[in-house]
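Q: Could you have a look at this structure, given as structure tokens, before my questions?
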Amino acid sequence: MHPVLRQMRPPPQQRQEQEQRQTCRAPSPPPTASGGATSAVDAAADGDYEPPRRRARHYLDLEEGEGLARLGAPSPERYPRVQLKRDTREAYVPRQNLFRDREGEEPEEMRDRKFHAGRELRHGLNRERLLREEDFEPDARTGISPARAHVAAADLVTAYEQTVNQEINFQKSFNNHVRTLVAREEVAIGLMHLWDFVSALEQNPNSKPLMAQLFLIVQHSRDNEAFRDALLNIVEPEGRWLLDLINILQSIVVQERSLSLADKVAAINYSMLSLGKFYARKIYHTPYVPIDKEVKIEGFYMRMALKVLTLSDDLGVYRNERIHKAVSVSRRRELSDRELMHSLQRALAGTGSGDREAESYFDAGADLRWAPSRRALEAAGAGPGLAVAPARAGNVGGVEEYDEDDEYEPEDGEY
């Protein structure tokens, strides 16, 4: 039944209640004009009677409308949009990756065979074929029905396409991460220091200062245990691969300064591809290596390259440069009126003196330090030729040091 017609029917619970009331109710004689009115009156007196038009309006109010108007639906299965979605939904295709799914459960080289089979079947598969009942009858020669062969071929093609899409996404993600890291200046500086450090450690593996620095560097890599172990054993044979990787990345990122950013990303990808092929052939002792194993080794080197670049970014932040912080004028304390008048008086008194003495008033906050005037020193008994010292230098000529808590009284002629 169409969902629009299905929602016109009363809910199942109400239908059951109506059927129970009808079965429990005693059979009545054939309705007459007076009898129909009497039965309606009796039903109304019992409280079970509801006019058909009102009952239909009640059912329609529950399931008609949009959004919140449908909250009165008895169950999610009877919700109109849920029914439409269920009737028109497409078949769910689970995600598959022939290279990485079901680790350790596939026979050797079976992933490689499935991948190449899906690639070859992709061109000859009829995607619009509709299976009929006669297609499920087994063939007399092969014992396999055409429908079974078509479904198996479709599964291989689907697995191949999904595997290719996932590997494309992985490669795009790697390129974006490498491009972002290589574009940072800190990565080049940190990679240069890291390469210099591992080269010095390789020449002098028993140096205690270098080993102490190694432990400090290892503290920056806390996510990947394989990378930490290789970094701790970088001078040993089992950590030689990491030393080669650092040398390759250093030659691309640090040495080749004339390369563009896109060329550096391409060079790093080519290096990962070459390293993956080399070590895959070294493992299998043959030029032929299953493509799934080669892809896994390349993926391992890609992750390790990202670890090296991220570590270089962390190390490049530590620079021996002096940081100058610009302090805004608004963050300084405002001069009070008393300090402003003192500074003005000192500036006026210093007019005509040497430039060096005039500049010293405003250097390093000198304008905020009070010093007694020449007239005050003469009145106190000090000689006119006595140099005026700052208040922090102690008492000068028997005059006590000025305290900020003391109230300032202007002298004669001062305003």
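Note: Cβ is positioned from N, Cα and C throughout, glycine not excepted.
What Swiss-Prot records for this protein is below:
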REGION    1-173  region 'Interaction with packaging protein 1'
REGION    1-55  region 'Disordered'
MOD_RES   SER75  phosphoserine
MOD_RES   SER360  phosphoserine
COMPBIAS  381-394  compositional bias 'Low complexity'
REGION    381-415  region 'Disordered'
COMPBIAS  400-415  compositional bias 'Acidic residues'
Q: What residues, ordered by sequence, lie under 8 A Cβ-to-Cβ from SER75 (phosphoserine) and sit at least six positions away in the same chain?
A: none
Q: Using DSSP and three states only, what is SER75 (phosphoserine)?
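A: SER75 (phosphoserine) sits in coil per DSSP, no helix or strand.
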Q: Looking only at the region 'Interaction with packaging protein 1' (1-173), what is the mean pLDDT?
A: 71
